[in-house]
Amino acid sequence: HHPRATESATKYFLTQATASALLLFSAAMNAWMTGEWTIVNMNSYTPTTILTIALAIKLGIAPFHLWLPDVLQGLDMMTCLILSTWQKLAPMALLILTSHQLNTNLLTLMALTSAIIGGWGALNQTQMRKIMAYSSIAHLGWMTLVISFAPGLALLNLMIYLLMTSSMFMMLMTLNATNMNKLSISWLKTPTLAASMMAGLLSLGGLPPLS
């Protein structure tokens with residue numbers, strides 16, 4: 001219904017198509033080298049590196065993160081919620097499944113870059129969808145950092161992230177707040193929900209004693 005939404009859809013499609021092609025390419029290369037199609041026992045350096053990059057593009061991990069804020073900004077809140085939560089499940093499942101064989105140095109480098117960019121990028125934003133996108137990048141960075149050493153802990157982190165992000169987007173939908181100005185006047189409409197949202201934001205930021 002809007003040129004911005006069309007732009008978001010196109011960007012998302014092209015990015016995901018590229019990542020899927022890389023994923024298939026790494027699987028094909030591994031099959032060519034080992035003679036089997038399973039990707040849980042990759043031994044070669046090149047296929048595992050391509051697989052890591054493909055999953056990073058799919059998830060929006062830095063330095064392959066630039067599509068995520070732009071795509072989210074052009075969509076409505078419900079679609080943003082689906083894109084930030086449900087769409088992360090399949091790539092994260094693959095990442096956890098293949099975590100024992102992925103390039104640890106590359107994962108660590110991308111994770112630290114994501115954490116820095118996620119925190120830095122959200123500083124001068126006024127649009128809630130872009131702030132949530134950068135939050136997603138930062139959280140995925142921490143999950144990626146942990147995933148090589150403790151996949152179970154990364155899975156727990158993912159579940160907490162999904163729960164908090166879902167509740168955050170639902171509150172934003174209820175308040176119809178798309179930017180900081182609308183959010184700041186939400187105290188007048190629903191003080192309880194606005195207070196819950198502040199607690200949710202601090203929880204997403206990792207402030208003790210919140211989750």
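Any Cβ shown, glycine's included, is placed from N, Cα and C.
Residues annotated as domain 'NADH:quinone oxidoreductase/Mrp antiporter transmembrane' in TrEMBL: 3-210.
Remote same-chain residues near the transmembrane segment (12-33) are listed as 39, 42-44, 46-48, 50-51, 53-55, 57-58, 67, 71, 83, 94 (criterion: CB distance under 8 Å, separation of at least six residues from the stretch ends). Residues or ranges marked as transmembrane segment in TrEMBL: 12-33 (among others).
Summarising the annotation, TrEMBL assigns transmembrane segment to 45-68 (among others).
Sequence-distant contacts of the transmembrane segment (106-124) (same chain, at least 6 residues past either end, Cβ-Cβ under 8 Å): 49, 52, 56, 61-63, 65, 69, 130-131, 134-145, 147-148. TrEMBL lists 106-124 (among others) with the feature transmembrane segment.
What TrEMBL records for 187-207 (among others) is transmembrane segment.
Here the transmembrane segment (45-68) has Cβ contacts under 8 Å with residues 11-12, 15-16, 18-20, 22-23, 25-27, 29-30, 33, 39, 88, 91-92, 94-95, 98, 101-103, 106-107, 110-111, 113-114, 116-118, 133, 136-137, 140-141, 144 of the same chain, all six or more residues outside its ends.
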